[in-house]
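*Asks:* Dumping the structure here so I can ask a few things about it.
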């Protein structure tokens, strides 16, 4: 199950429409999950649950989609980016609207955490895959622009959700942003496939095979006008022939189902074998470990910084520009700049990624010693900028495993990231 390479990446043309559509889709889909820290205090007041229990909502929405990335990637390979994007828009919108009627945190974990989370996972896999298919030489810039959509969405939605909660309440806010997410369907309609997905290729091959079988197995027609003039013995022979042909059709259907099952079984075995081969690659395994450790410690600040500022008395009321917004806009700048840097020929993607991890770690160590809101704002800028390394992750993955295995390898990386994101906030 690999990306097909029957057509060369155009590096432009309709590819820029793909970039714009993917950017807008990620902005609309990830806007609320990226700024979930704004909703976190509201849920604490609404449901009166512990901080650890309520934090699971934010952990799930960011972690579940990543954990399901191998499945999401397989969906993109088999069905294509366009239908997967459209379906993800329905899931995200439905999950957000359903969350408006949540009676407790446990229901919210399902509607906002799992439904929206899986929808975001499908959306991210589809947009990254189709962008990589359309771009080669300018892939770093294209991915930088596309993934910036998540950060811009987080920046805009953080302020918007604050205003919506003040004007319409928590339920009205969720209904509004759920209606915004329906526009992802329109974005998906623009994602014209460069390569035919595996599902359609298999379907076309099956139709050709079925047509050939019909030509080979087609019986001679029994003319009803002749049958009337035949003796009784000949008519009995004709009836028996019809029964034999009917039983043969049943056997053909059964054998076709068996062949289909064997083909599917072989495809899944090959997929698992491909994953096993990739996990034996030491460089790829190191990437998985690095992403897991980074997300365990790097995700919680996005969820808790606003609450830390309020409970620590560093700010009164609600800030005009929340820390989540600062984190998001800095992340957008980081994704764009790091993506552009990756297009430099002599740049080593693995070394650059290591620098971003070290910078994030140093900024996290300074949080306990920060006693002012301005200090938290500076830390949010640094953490946000280095979180832009998400834009170079697909680029780095293609350098390690190749474009042919990008979809499967990227799904495995996101699987490890999802576990880190889910474990981080409850541990903190």
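Backbone N, Cα and C define each Cβ position, glycine as well.
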*Asks:* Of 84-102, 198-216, which range does TrEMBL call transmembrane segment?
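*Replies:* The range carrying the transmembrane segment annotation in TrEMBL is 84-102.
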*Asks:* Please check if the transmembrane segment (140-158) comes into contact with the transmembrane segment (283-305), where contact means 3 or more CB pairs closer than 8 Å and the residues in each pair are separated by 6 or more positions.
*Replies:* no
*Asks:* Taking a Cβ cut-off under 8 Å, which residues six or more beyond the ends of the transmembrane segment (12-33) line up next to it in the same chain?
*Replies:* 39, 58, 61-62, 85, 88-89, 92, 96, 116-117, 119-120, 123-124, 127, 130-131, 134-135, 138, 142, 145-150, 152-154, 156-157, 160-161, 177, 180-181, 183-184, 187-188, 190-192
*Asks:* Counting Cβ pairs under 8 Å that sit 6 or more residues apart, are there three or more between the transmembrane segment (373-397) and the transmembrane segment (164-186)?
*Replies:* no
*Asks:* Below 8 angstroms Cβ to Cβ, which residues of this chain, lying six or more residues outside the transmembrane segment (350-367), approach it?
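*Replies:* Same-chain contacts beyond the flanks: 283, 290, 294, 297-298, 301, 308, 338, 341-342, 375-376, 379, 382-383, 386-389, 392-393, 396, 399-400.
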*Asks:* Under a criterion of three or more Cβ pairs within a distance under 8 Å and sequence separation of at least 6, are the transmembrane segment (283-305) and the transmembrane segment (409-427) in contact?
*Replies:* yes
